[in-house]
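Peer 1: Sending over a structure as structure tokens; questions will come in a sec.
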Amino acid sequence: MTGFKQHGGRRGAGPGLSDSECSGLLSRVGSSVGPERGRARPPGTMAGSDTAPFLSQADDPDDGPVPGTPGLSGSMGNPKSEDPEVLDREGLQRITGLSPAHSVVIVGVLCYINLLNYMDRFTVAGVLPDIEQFFNIGDSSSGLIQTVFISSYMVLAPVFGYLGDRYNRKYLMCGGIAFWSLVTLGSSFIPRERFWLLLLTRGLVGVGEASYSTIAPTLIADLFVADQRSRMLSVFYFAIPVGSGLGYIAGSKVKDVAGDWHWALRVTPGLGVVAVLLLFLVVREPPRGAVERHSDSPPLNPTSWWADLRALARNPSFILSSLGFTAVAFVTGSLALWAPAFLLRSRVVLGETPPCLPGDSCSSSDSLIFGFITCLTGVLGVGLGVEISRRLRRSNPRADPLVCAAGLLGSAPFLFLSLACARGSIVATYIFIFIGETLLSMNWAIVADILLYVVIPTRRSTAEAFQIVLSHLLGDAGSPYLIGLISDRLRRSWPPSFLSEFRALQFSLMLCAFVGALGGAAFLGTAIFIEGDRRRAQLHVQGLLREAGPTDDRIVVPQRGRSTRVPVASVLI
């Protein structure tokens, strides 16, 4: 708790106070601010961690302010519910100035754009064998296409995160998506001797995606609270696997109809123009954090960028959940680019399809099937994860990170089996991919929800941006290239053959299963800190907790009309 001041709300005793001293302190506080609760922190407990058993209910389920705020239902501080206070429809409309129907329509527009973003991203993967033939490149160069895009996206995300916390989010998204649409259209006219230009344009596409992905979830957070927010986030994140699957499907089918893979890159720019118009005409900017303050009072003041970074670095739930999500990004980035190519090589080895030779059009059936699997598993996984988490929260306040951990740890063996069985049965491979991707998709909406309730509203775009940087820097920015590089190195050590190409990619993709298991461990770590970090964010939004300056390490405790300073080390919030 170092670095915070308390002006009211909850207090408890730390290891520096005896039980009698604790009672005396609380009685003095209660004489000026009313009855409050406290509990002693066990000796040796780390600041910021929870004292409740790892898989159990939090210690004090009814700790918090008394209900009764107009437009609210429920009670403050009950960890059994997903949010301490729940605004009804009239309360939401009064604060945001938007009707419930209009708010839902805004989420629909954001979901459409999110779907379009991922559809464009994975259209390239749907026609990757044709791109390799057209530009005469190997696996490592193919992996570089995705790596350049993700690297640009990753570098620009903090810029748009900073802007999104301070300026109009609607216009930032409009400008970014318009630029992305123009660059994507231009990338479809690159001649075969200019592969470097394709890499450049894919890098510039990251501008549009960075402007959108860091900002859109914070708009949803400012429109809804509690279970409503979780449901809307699940709808929003349905678009990731569905859009990815549609990218494979659109890429392969448009190529087949037009007879040229370049046309696959010309579909999403037209849809991007529609997205800009919808953003401009439909979306309105809600006040930041108002639905969590439960009033239309002046919003929280943004702090400096460095203060934001310091606060995020001291938030263990944010750091550990971001590391867990990094493992998700590593695995999904690798599978997204390489799974269709791997399935095609598997069919070639099994004798079910002819090899892809120079000058011939490569078979697109595996891209089509993988696209359908990605769509279906995404819908199942995201919906299943949100519903399981929502039900478990009633008995376990740490349900969110535990469900994420279960999804990642469960997906790892199935992804490994899908690779191991590919030479024997393509059907078994598809079955294991289906199960593994379903479990992997359980994380998408839950990770976003965790970020939104452990980070205060004025830092959420910055937090989204740096989660993107971390997850892509160590995740899918390098994983496609790394998988391709390992595949090329293995192939050089074996005699040239279609079997060597298959085995090299098979062995390199097995790295994904081990990374997924590491991500599961990070989410288990998140579960240790989640309750404490969430409570601090709630108190900050409610005005019961504010950050102190770098040299202020004490807490203000009211005592009969005057303030008494107590060392932070002696008080637990």
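Even glycines carry a Cβ here, placed using N, Cα and C.
Curation does not apply to TrEMBL; its annotations are automatic.
Keep in mind it's a predicted model, so treat the numbers as computed, not measured.
Dumping what TrEMBL says about this protein:
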type: REGION; residues: 1-87; note: region 'Disordered'
type: COMPBIAS; residues: 23-34; note: compositional bias 'Low complexity'
type: TRANSMEM; residues: 95-115; note: transmembrane segment
type: DOMAIN; residues: 106-534; note: domain 'Major facilitator superfamily (MFS) profile'
type: TRANSMEM; residues: 144-164; note: transmembrane segment
type: TRANSMEM; residues: 171-190; note: transmembrane segment
type: TRANSMEM; residues: 210-226; note: transmembrane segment
type: TRANSMEM; residues: 233-251; note: transmembrane segment
type: TRANSMEM; residues: 263-283; note: transmembrane segment
type: TRANSMEM; residues: 318-339; note: transmembrane segment
type: TRANSMEM; residues: 368-389; note: transmembrane segment
type: TRANSMEM; residues: 401-420; note: transmembrane segment
type: TRANSMEM; residues: 426-456; note: transmembrane segment
type: TRANSMEM; residues: 468-487; note: transmembrane segment
type: TRANSMEM; residues: 507-530; note: transmembrane segment
Peer 1: Taking pairs 6 or more apart in sequence, does the count of Cβ pairs under 8 Å between the transmembrane segment (468-487) and the transmembrane segment (233-251) hit 3 or more?
Peer 2: no
Peer 1: Which residues of the chain, 6 or more past the ends of the transmembrane segment (144-164), have a CB below 8 A from one of its CBs?
Peer 2: 121, 124-125, 128, 131, 172, 176, 198-200, 202-207, 209-211, 213-215, 218, 305, 333, 336-337, 461-466, 468-469, 472-473, 476-478, 480-481, 484
Peer 1: Report yes or no: does the transmembrane segment (263-283) come within contact of the transmembrane segment (95-115), defined as 3 or more CB pairs under 8 Å with a sequence separation of 6 or more?
Peer 2: yes
Peer 1: Averaged over the domain 'Major facilitator superfamily (MFS) profile' (106-534), what pLDDT does the prediction give?
Peer 2: 84
Peer 1: For the transmembrane segment (233-251), which stretch among 318-339, 368-389, 426-456, 507-530 has the most Cβ pairs under 8 A?
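Peer 2: Against the transmembrane segment (233-251), the leading stretch is 368-389.
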Peer 1: Give me the stretch from 318-339, 368-389, 426-456 with the greatest number of Cβ pairs under 8 Å to the transmembrane segment (507-530).
Peer 2: 318-339
Peer 1: In terms of Cβ proximity under 8 Å, which residues at least six beyond the ends of the transmembrane segment (426-456) contact it?
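Peer 2: Residues 83, 217-218, 221, 229-230, 233-234, 236-237, 240-241, 289, 300, 312, 315, 317-318, 321, 324-325, 328, 331-332, 335, 339, 343, 346-347, 350, 352, 369-370, 373-374, 376-378, 380-382, 384-386, 388-389, 400-401, 403-404, 406-408, 410-412, 414-415, 417-419, 463-464, 467, 516, 526, 530, 533-534, 537-538, 540-541 contact the transmembrane segment (426-456) from elsewhere in the chain.
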